[in-house]
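Inspection log for the structure reproduced underneath, given as structure tokens.
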Amino acid sequence: MKKNICLGITGGIAAYKILDLIKLLKKDKFNVKVIMTYSAQKIIPSSSFKKLGIEVYSEMFVSGFDYRQILKNQKIDHIEISRWADIIIIAPATANFLAKIANGLADDLLSTTLLATNAPIVIFPSMNSNMWHHPLVQKNLQKLIDIGYHVIDPDSGQLACNAVGMGRLPNIKKIKSEIEIFLQKKSSLEKKRIIVTAGATEEKIDPVRIITNKSSGKMGLALAEICYLKGYKVLLLRASSAVKSRHPIPEVIFENSMQLSKLIKESVQNYDIIFHTAAVSDFAPKKIYLQKMDSSKNYVLNLIPQNKIIRQIKKFNPNIYLVAFKATYKSSKDEMINKANQLLADTQADAILVNDLAKSGVGFRIDTNEVYLVRKNKPVKKISLDSKLNIARKIIAELKI
Ligand SMILES: Cc1cc2nc3c(=O)[nH]c(=O)nc-3n(C[C@H](O)[C@H](O)[C@H](O)COP(=O)(O)O)c2cc1C
């Protein structure tokens, strides 16, 4: 049976784009109802939506309101819609509306419906980039994320106010695909359990000095967030220096490779898939100085190669689906694929994502990446330069997770 989608439209300039979204949803036979705020109707008249043959609501109190009718019929719009909806989408969501709902206000039909519903709520903020970056807007978004609302960040680009920056409503096809992901999540009975390791290990030299690498954990975090938003049970094993998620993903923090190996060993039995994206130090100092090293002296560090965690994972749980990353430097496509195939053979991994850190837009700390997906007996798949979030989406789609 096709799902019921309630589209909440607030007074952002992108409100007109929702006409095309409704056409796409109707084409796929979704049931759609719209609730518009007062400002949204100033941007685009409700008649434009009614012409598409859907019900459009905007008033808390309809004209001719009579409480006796309500008591007799026991039907109140915001409660009816809140029960009818399998999902509620707010697109575009204005800064004003975010502030309202982050504070539990219920002074119009849409905000009241949100308080009444048990359906998942997915929010697509859209506004001028200064508004988007305003600390109050970000605080309100964090509040909403903390209580379990799903916030999809706006795109960057040319804005309606003749500025360039973050704040554009994502394109309609992307919004539709996010809606489908959430509906799939809601109806998915068999939830996959996924571990993601992310960030750089730190091996102590003395109490204040470490050996580490440039990994920020952004690629791992992107994978963890997409899996979490798809509704999977996710455990993030995150390096203490790695970026944090805005979503309440369960996580355990590690510092060095021994701790990470222990955490994987303890948890891997209870999971179906592991994305091993952490950049684990290949070496650790043979000796850890207990006192801070004297900066006027010369030292020679003796570095001992570490056990490769990736080789241990299938020994801890032979049934886990192991996806690992391989970073190379200044490698041709063939060299990268050879190295990935070698790693597949050495570790029994199911898939290797290999990249070339020397390539512009690829690698640690930045927000973009480009990878080749290499599996046994399957053609190599190039996932071209894109944001790490989009790369994560494409990896998950390609692996059919
Ligand atoms: C032409 C125009 C475009 C606007 N676009 C946006 C927008 O994209 N995002 C936003 O947060 N506010 C935008 N605003 C401001 C909101 O309409 C205003 O804050 C309003 O109070 C929002 O009400 P609502 O949240 O109840 O819909 C715009 C205002 C005008 C006049």
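Each residue, glycine too, has its Cβ placed from N, Cα and C.
Some features that TrEMBL has for this protein:
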{"type": "REGION", "residues": "1-193", "note": "region 'Phosphopantothenoylcysteine decarboxylase'"}
{"type": "DOMAIN", "residues": "3-179", "note": "domain 'Flavoprotein'"}
{"type": "ACT_SITE", "residues": "Cys161", "note": "active site, proton donor"}
{"type": "DOMAIN", "residues": "189-399", "note": "domain 'DNA/pantothenate metabolism flavoprotein C-terminal'"}
{"type": "BINDING", "residues": "Asp282, Lys292, Phe325", "note": "CTP binding site"}
Review point. Looking at Cβ-Cβ distances, which residues of the chain lie under 8 angstroms from Cys161 (active site, proton donor) while being 6 or more apart from it?
Key: Ile13, Asn128
Review point. Taking the residues Asp282, Lys292, Phe325 listed for CTP, what is the greatest CA to CA distance in Å, to the nearest whole number?
Key: 34
Exercise for review: Taking the Cβ of Asp282 (CTP binding site) as the reference point, list residues of the same chain whose Cβ is under 8 angstroms away and which are at least six residues distant in sequence.
Suggested key: Pro305, Gln306
Exercise for review: Please list residues from the chain of Phe325 (CTP binding site) whose Cβ is under 8 angstroms from its Cβ, counting only those at least six apart in sequence.
Suggested key: Met219, His276, Thr277, Ile352, Leu353, Val354, Asn355, Val371
